[in-house]
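If you check TrEMBL, you get these features:
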| type | residues | note |
| --- | --- | --- |
| TRANSMEM | A:27-46 | transmembrane segment |
| TRANSMEM | A:66-99 | transmembrane segment |
| TRANSMEM | A:129-149 | transmembrane segment |
| TRANSMEM | A:154-177 | transmembrane segment |
| TRANSMEM | A:189-207 | transmembrane segment |
| TRANSMEM | A:227-244 | transmembrane segment |
| TRANSMEM | A:250-268 | transmembrane segment |
| TRANSMEM | A:275-293 | transmembrane segment |
| TRANSMEM | A:299-321 | transmembrane segment |
| TRANSMEM | A:333-366 | transmembrane segment |
| TRANSMEM | A:378-397 | transmembrane segment |
Amino acid sequence: MTTTTPASKAPTEPPVKRRMPKLSINLRQYGIVAALAVIVILFQILTDGRLLLPGNVNNLIQQNAYVLILAIGMVIVIIAGHIDLSVGSVVAMVGAVAAISMNNWGLPWWGAVLVSLLVGALVGAWQGYWVAFVGIPAFIVTLAGMLIFRGLTLVLLTGGTISGLPAEFTAIGAGWLPSYLGELAGRDVLTLALGILTAVALIVFQLRTRATLARLDLPREPLASMWTKNGIAAIAIVWFAWLLSDYSGTPIILIVLAALILIYNFVLNRTVFGRHVYAMGGNLFAAVMSGVKTKWVNFYIFVNMGVLAGLAGVVSTARAGGAVASAGQNYELDAIAAVFIGGAAVQGGVGTVVGAVVGGLVMGVLNMGLSILSVDAAWQMTIKGLVLLLAVAFDIFNKRRAGGR
Amino acid sequence: MEHSIILRMNNIVKDFNGVKALDGVSLEVTRGQVHGICGENGAGKSTLMKVLSGVYPAGSFDGSIEFEDHEVAYKTINDSEHDGIVIIHQELALSPYLSIAENIFLGNENATRGVIDWNKTNREAALLLARVGLDENPATKILELGVGKQQLVEIAKALSKRVKLLILDEPTAALNDEDSTHLLGLIDHLRTQGITCIIISHKLKEIKRIADTVTVIRDGKTIETIDMAGPDATEAHIIRAMVGRDLNNLFPPREPAVGAEVLRVENWTVHHPVDVARKVVDGASFTVNAGEIVGFAGLMGAGRTELAMSIFGRSYGTNISGQVFKDGTEIQMRTVGEAIEHGFAYATEDRKRYGLNLIGDITVNVSAAALAKLAKYGVIDKHREYKVADSYRQKMNIKAPSVTSITGKLSGGNQQKVVLSKWIFSGPDVLILDEPTRGIDVGAKYEIYGIINELAAQGKAVIVISSELPELIGICDRIYAISEGKLTGEVAKADASQETLMHYMTAGKD
């Protein structure tokens, strides 16, 4: 921005009334991203710059991958107007199954992953059956599931733990992509290349979308706003890669996460299935009367949640290096909190994958920042609870100020 | 005292993000009178009442309000109720699982130190019920009452608050003729007791029958205040003031071009979903031809909606039997999805509950019933979706800044146009329109009739279910009367009169 005559220019801008509704919706999205930025900066200052040390940034991803994966499944569940309290127990049970499949049945690492996802899908189908076809509220079904699957985990592990998992398996949660492109001044070139590539891809994609909108004469975001937003995002991505390259390179789980975010963002925004999820959350009766097969959509929502819980089970077991009966405790609460911090509505119908992921990162940065500051675990929990409450309160306050008629 | 002004609203301006919903409305209400407020949907009637009752707190609008000669600034509904201003909204606000007595005194309990005196509560409730002419036990739960009786409970509740100014927003929109008559009688009675009443209604006949004075609002401005004892007290005059033009014909002209039979239903019987032994629809048989508009007339609870919904993918009822033929072939519609595939569309009577995703924008609502048309391999072509929605916005004259406007914020008439757009886009051969003009003002009604005519002209078979007999007579080629689940009569347009229809509609009733 230049410093010449800023005041004289503003009034001559044509009004953009037509685009107002679209922008105000987006503002909510920016709000949560801005909140994340504020929290990062705050802790960066409080920890004298230790928050964003390369090792910590790496851990932020690897430690929180499970929440982000669960939050992606949970946001769909919540948009549809349900809840899933069982995912923590499912994570533990799947972890146990994965460990047993490798240590006792001698399955290779990828076999264990497939079995885990399958078990997750079966759990999801079980819960989905009760919710969708019997009509028991998800709160009850998954509360029961929380007990059932925790109990089964204890049965499987007979109270003990299973460790000594193959290195290929633990790499899923705690490993990095190999340095295929070598190092440059001590930095992993592949990571830098991926970072730059992602940033470029983001901008190219945005420009292409814009061009399509222009061709079809559909309303577009103002050019300046688009460049500011995506410019900042691109710089943040490259900087993030810069930090990671100084540590051990690109965490494998980061690639998995990126793929999940892209896929689920697409599913919710562009597919018929995603639209049906929003429609059911917005008005279930209207969805039924519009021919949406609501029972099946509900069923698949839970199958999907099960698969993602299975994946989270793989990731957290891999990261821990073994299966423990107490694994996954309170994970469901972390995921639910992430979704609501990310702007989803308790009544359903509203929420985004990106919001849920950013909400999960807010929780993750809080955890890490408070740990670096050696804040007592009891206080960490208290602070996280308050943040959840404030985030949702802020959201409601915003909505009220926007003035629904 | 006799002819004093109880309420003065001066030059009220209220805007929402720069859009002026009220643009200098003034209103004077005389004590002890019934004051009608008329205006098209979106004219600002409901907004004005929300300003008055403190839903929009003082300070969020410009202008002043004087009640009983004092300038007032209500911050909440409690403030206005404290002064004796009670508003009864179109959507009733009663708690279904609580009793009549509990609802009447909800928030206003007869209690000492938090302990409720049930004897007093029930005794007073019984007295209030007697005053509104409702013969029910105060311990009856609300969900056991019909809409008409619930309305009376609302009024009893208002009376319990020592109401001085009672505001009724579309009180008869959901009522049948009998309940409406009773309600109007009650308002008459309250007038003799000195209770001032503001009534918002689209039904001009009612307004004419009950109001002493009528204020017409259009585009957020007061257009005219009419003394109903004076020479201007005609429906035509009020309509002209409401729409700003003459509506010498309430129904657009049409040349019916009736073709071959499209839909034939034979011996259709539907049982109540809970009370399984009860037949809600009993052996109904009827036909609808291409390009024909066929009406279904029936009193509330006669089984009109149940008949339509049970045909439309069995979305109502149990033990459904009978046959449906389309173009001469028998078809099965076990789900709504199958019904849509067979070219059926059902636009519900309750658009907020069954018709629209109110938190979604116009686009997602228009495409909701025919997403498959816009999708390939399960992926929606959003650009095309937007274009489709925008074309309907223009074609149907949906008044909204863009198709990204949230449907919940549109007026009733525009919401109805969104519902119709949704079903027209699904490309049906048979359209069932259940109360297509309920809660809609005269101008928008005319537009909706035009759309219905257009659909018939395209050769579609159109079924219109309506409580308003003049509407059915005005737009239909043929009308079936339904009473207690049975089709009791079939009347061609030429022979249709309100009297004949009413005769069939009440057939079999004692």
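Even glycines carry a Cβ here, placed using N, Cα and C.
Not measured: the values here are computed from a predicted model.
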Handout entry: Remote residues contacting the transmembrane segment (A:275-293) - C-beta distance under 8 A, at least 6 residues beyond either end
Key = 76, 79-81, 268, 301, 345, 347-350
Fill in the blank from the handout: Within the same chain, the residues 6 or more beyond the ends of the transmembrane segment (A:227-244) and with Cβ under 8 Å of it are 30, 52, 54, 57-58, 187-188, 191-192, 194-196, 198-200, 202-203, 206, 250-251, 254
Practice task
Would you mind listing the long-range same-chain contacts of the transmembrane segment (A:378-397), meaning Cβ under 8 Å and 6+ residues beyond its ends?
Solution key: 28, 31-32, 35, 337, 340-341, 343, 359, 362-363, 366-367, 370-371
Exercise for the section: Rank A:27-46, A:66-99, A:189-207, A:250-268, A:299-321 by Cβ pairs under 8 Å to the transmembrane segment (A:154-177) and hand me the top one. Expected result: A:299-321
Handout entry: Selected stretch (most C-beta pairs under 8 A with the transmembrane segment (A:333-366)) from A:27-46, A:189-207, A:250-268, A:299-321
Key = A:27-46
Handout entry: Non-local residues, at least 6 beyond the ends, that sit with Cβ under 8 Å of the transmembrane segment (A:129-149)
Key = 77, 82-86, 88-90, 92-93, 123, 294-296, 298-299, 302, 332
